[in-house]
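According to Swiss-Prot, the features are:
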BINDING   70-75, 117-120, 153-162  FMN binding site
BINDING   Thr322, Ala356, 386-389, 404-406, Tyr410, 419-422, Tyr599  FAD binding site
BINDING   Ser519, Arg520, Lys525, Val526, Tyr527, Val528, Gln529, Asp561  NADP(+) binding site
DOMAIN    64-202  domain 'Flavodoxin-like'
DOMAIN    234-448  domain 'FAD-binding FR-type'
Amino acid sequence: MTTQVPPSALLPLNPEQLARLQAATTDLTPTQLAWVSGYFWGVLNQQPAALAATPAPAAEMPGITIISASQTGNARRVAEALRDDLLTAKLNVKLVNAGDYKFKQIASEKLLIVVTSTQGEGEPPEEAVALHKFLFSKKAPKLENTAFAVFSLGDSSYEFFCQSGKDFDSKLAELGGERLLDRVDADVEYQTAASEWRARVVDALKSRAPVAAPSQSVATGAVNEIHTSPYSKDSPLVASLSVNQKITGRNSEKDVRHIEIDLGDSGLRYQPGDALGVWYQNDPALVKELVELLWLKGDEPVTVEGKTLPLNEALQWHFELTVNTANIVENYATLTRSETLLPLVGDKAKLQHYAATTPIVDMVRFSPAQLDAEALINLLRPLTPRLYSIASSQAEVENEVHVTVGVVRYDVEGRARAGGASSFLADRVEEEGEVRVFIEHNDNFRLPANPETPVIMIGPGTGIAPFRAFMQQRAADEAPGKNWLFFGNPHFTEDFLYQVEWQRYVKEGVLTRIDLAWSRDQKEKVYVQDKLREQGAELWRWINDGAHIYVCGDANRMAKDVEQALLEVIAEFGGMDTEAADEFLSELRVERRYQRDVY
């Protein structure tokens, strides 16, 4: 079925909204399209009185704006739950993604709620970077008439725990805003804290905002969504692993796997740019080692989410064993009165360093103690799924999903250790074995709506994964836009991931340019950011031609170095000073011409 798209000037949608609409409907049957058409007609007409040209007096009450700033989807889920709570309380509320928020309107907000996660070294999620920059710039307005609350999600195993939320909270207050509630900083197991916070927010807002008519709550507050899949983070699909192929050479220092998962007839859909969530199981050998070190048997009964399970099963399926945290080290030291660990208590930097260099099982080995099963369970954090950038397009692979997995392997005093999810996929799931998966949609990492738009892809290491999906999609669409890939890794002969595929794309004319950086093949190390500077003049020409820039990979070093190189290219070839170049790149981000998927 072919749909003729009218000229953009005649459309009430902006290009990004149009792209989302096209992506959401591209694989629907005529019957499904007819149903969707009726669905939206019903949404428009379900409350005609509330949508009349003359608003009811209650429409002039202060509305509540919730800004969701999410990296992995958790903040978005909390924000959606709060929106639903407020609608149930008949309050006038709207929910907006940080990337879609017109941040200059913040001065007119009366009641503002921010739900945000943190990425990298205390940075805001990608979709909130522009808003964060604006608030911390000289352009930020005074907010004396704004009351606000912030819920911050983070991971206490990282040094800059919940830093993004702390930033938003302090800056909103500095600009004159009034706190409705004190900020809440939630760890990985955030659900209970979020539930309690939502109830407090509803109570606080009930006393401030007049109750809206039900029709107005629906018309202005609801974000209508079509859920086409029954599978989610909490209800994953049980799929099967069909391919597990090592794609680095035998002499490579890296073990990178190409993993293919068969989705069967589940109907699970995804787009290039999305991530695959994988629920993994801990290595039974690791469980056995930990249990024996604590002089336990493994059959002791423990309670997990209201259910009684044997300790071994609980540890294998429900608790994080491969990532240590400062809190775990501190609590273990306090519980066991370890002479080695007690001196670290109270020193956050030392606790974090110890946690980063010493896995939980080795902490117990180095500082032995005897804990009962319940004490062990209470010490640990719940197991959470790992997210992998999807390396395929369903336009080519149909009912499969591919990911590129860098297997984490290292030694601690001669004992082999491995990452939980990566070693699960690489070592412990046999062919046709079960894998529990779900799709984490990422609307902040999408191909341009216009197939003629040039694309610049920067993805060293496993950061190349989404660009394989991009190229599969562009090839399937026969998109005429130019494509330029920057890729880097240590060695050409050992670490050129998907080499044959990239060479084929070049030969077929789908991949216009490819620049490669091999950091260990010569005396002087060369990285992708060096290639960006080297090709600065041509890069600037592409940007002037409307190219979209995509970056995927390590957030802590690579992404920052790449951004610095881009700023230098913009300044040099665009004839700008540092401040103007930064403003230019920020505008590209706002226009969704500069998108990052970093971790």
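Cβ atoms here come from the backbone N, Cα and C positions, even for glycine.
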Within 10 angstroms of the C-beta of Gly120 (FMN binding site), the count of other C-beta atoms across all shown chains comes to 21
Quick one: of the binding-site residues Ser117, Tyr158, Gly406, Gly419, Tyr599, which has its CA closest to the CA of Ser519 (NADP(+) binding site)? Gly406
Among Ser519, Arg520, Lys525, Val526, Tyr527, Val528, Gln529, Asp561, listed as contacts of NADP(+), what is the widest Cα spread in Å, to the nearest whole number? 18
Quick one: of the binding-site residues Thr322, Tyr388, Ala421, Lys525, Val526, which has its CA closest to the CA of Gly73 (FMN binding site)? Tyr388
Residue counts (helix, strand, coil, in that order) that DSSP gives for the domain 'Flavodoxin-like' (64-202): 58 helix, 31 strand, 50 coil
Return the residue, from the listed binding-site residues Ser117, Thr322, with the maximum count of other C-beta atoms within 10 angstroms of its C-beta. Ser117
List the same-chain residues at least 6 positions away in sequence whose Cβ sits under 8 Å from the Cβ of Tyr388 (FAD binding site), in sequence order, or say none. Ala275, Leu276, Val278, Val403, Thr404, Val405, Ala465
Would you mind reading off the Cα separation of Gly406 (FAD binding site) from Arg520 (NADP(+) binding site), to the nearest angstrom? 18
Count of other CB atoms lying within 10 Å of the CB belonging to Phe161 (FMN binding site): 21
Going by Cα-Cα distance, pick out whichever of the binding-site residues Gly120, Tyr158, Lys525, Tyr527, Gln529 is nearest to Gly419 (FAD binding site). Tyr158
Three-state secondary structure of Tyr388 (FAD binding site) from DSSP? strand
Cα-nearest neighbour of Ala421 (FAD binding site) within the listed binding-site residues, Gly120, Asp155, Phe161, Lys525: Asp155
